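A quick write-up on the structure given underneath.
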Amino acid sequence: MASIARSLRLARLSAVSATIRAPAYRAVFIRPFSVTASNAIRKYTKEHEWIDISADKKTGVVGISEYAAKTLGDIVYVELPEEGLEVQAGDAIGAVESVKSAADIYSPVACKITQVNLLLEEKPGTVNQVPEDDSHGGGWIAKVQLTEQGLKDFEALMDADAYAEFTAAESDH
Amino acid sequence: MFHNVDPPSCGSHALGINHKLRFSPKLVTRYFTQNLIRPFQIYRSASSDPYVNLSIEHHLLQSSPPDSTILFLYTNRPSIVIGRNQNPWLEVNLRLLRDGLPTSESQDKKQPIALVRRRSGGGTVFHDKGNTNYSVICPPAVFDRDRHAEMVARALRKLGVPHRTCGSRPGGGVRVNERHDIVVDILSPSGGMFKISGSAYKLTRTRALHHGTCLLSSPNLGSVSALLRSPAEGFIKARGVESVRSPIRNVNVGTEEFVDAVVDEFCDMYGVEDGGKEVLVIREEEALATEGINKGVRELTDPEWIFGQTPLFTFSTHPTEDDPRDRPPSLLAQLPHDFQGRITVRHGEIQSVYLSLSDDPFNMTDPSPLSQVLAKERLHHISDWRAVLSKAVSEAPLSDAFDVEQVGMWLNRMFGIPEPVEGQKERSLSEEVVRAIQESKLGMWLSK
């Protein structure tokens, strides 16, 4: 995700950060219908993507954060990457359009795209509703296979607490 | 990169573009390395080519330092510019586009219109020499969707708009509306809200770009509405972004006075002293000799970007669950009685085709025989549906043969394929776009 969160001064921005600071925010990670959440580790980028990786640290799921989804406003189109695409951390793997703005989505880690969420082609608004849901019907963007470098990239990302602090600081900006 | 975001560079060799342009590096670097380090930069393009201007803009977005703020002004030759995630078959009357615009000189002489897909979001706009575009690239921290539209609105007010726009009628003022467009309100009974400027945005990791049109004195406003109305509008259900139609109007301001007023307003806003108020003019040959811009032009002129980036859509002759609208009866009347058809296209590539005289073709076996033959064909590579259908029917005979000639002609019309001319080779939309670029000044430059 681009630095959109910082960039879009919506009136409701303060409300967004309030939500993020509130303990209820944690509920996102322990949703019972989230298939991998129970044993997955989730981390975040400064560009507002998240990535879950599996217990064996070989595969992952990528999406954009709740904070980013709220700040962007109504998402009307999601451009998905092509399956099989191999990328480095920071490469564009898609884009979302909301309120006349095309914003890039960046890969959090070096990886290969193994599956894309075709549901978003039909229902882009899913990203607004459940951006951090990695289950069937959720707003995840792509499933990936991590490379060795990808795992190193992952280690360097922010955990949920660090990301919450980061976004709080950003919206106070 | 993936295919639907960054167009492959391979397709453009068909344009006859020589990618290894010989150029003098000193000319280029003077503009884009020395000047690019300044905190506030103002550029004006001397090119009127939409592909070049959008590529200069994209180069500025990608190459300028993250904390700099840039104003870029440009005017294009007649063009229809669709948003990144739009559908040209839905947004544009492609046959009218191909016919070009009337000129004052003679009835036979027409001005060509370029078809462009930009990299930012938003809807379709018309450009010509009476429309000037502004673009501001800034750090995300200061970006706001209205900030620079307000800057241009202030410039217009100082130039005497809306008074100049409305003449003797009472004007309600120039303002930025809830869609982040600039409008003038005309208060007389025949008045209303008129759009004079449309906004769109592109956000990257480190930069935010806001660009907008401004209708100053376009002589072609009477042609715009028909150009932006596709015959297939009533049949297409598209993913992605649909344009919002607005009545438009000129503000009756000259290009030079507009440019000066916007530059002044930009400098006031950012506290640029008179000494720093330098507008660098970028000439077309210098732009094209800059590698990043040249690459951008190759990408934007690639038919696989213009047509192939189109989000999933379904063309259906009859109401469906997903698109229950009544279909235009006058257009349906041109088809054989009881004919029904549905074509699904993803990223310009045909996914399925159901064409039939039966009552309910939508319950036919999946995939249909025609789908099996036509799947993976690219819609913009089809030069005549009659030939495509004849071939497909010979490979996959239909139980209910329909008039291939009649249906083929109708599909040609719906998908904007040029009317076949006796004795001339049919051209697909892709070939038409390539030909139009080759015949423009850009084509001559690029083939040098």
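Keep in mind that glycine also has a Cβ here, set from the backbone N, Cα and C atoms.
What TrEMBL says about this one:
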DOMAIN    A:59-145  domain 'Lipoyl-binding'
MOD_RES   A:K100  N6-lipoyllysine
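Counted within 10 Å of its Cβ, the other Cβ atoms near A:K100 (N6-lipoyllysine) come to 23, all protein chains included. Mean model confidence of the domain 'Lipoyl-binding' (A:59-145) amounts to 94 (pLDDT, 0 to 100 scale). Residue counts of the domain 'Lipoyl-binding' (A:59-145) by helix, strand and coil are 15 helix, 36 strand, 36 coil (DSSP-based).
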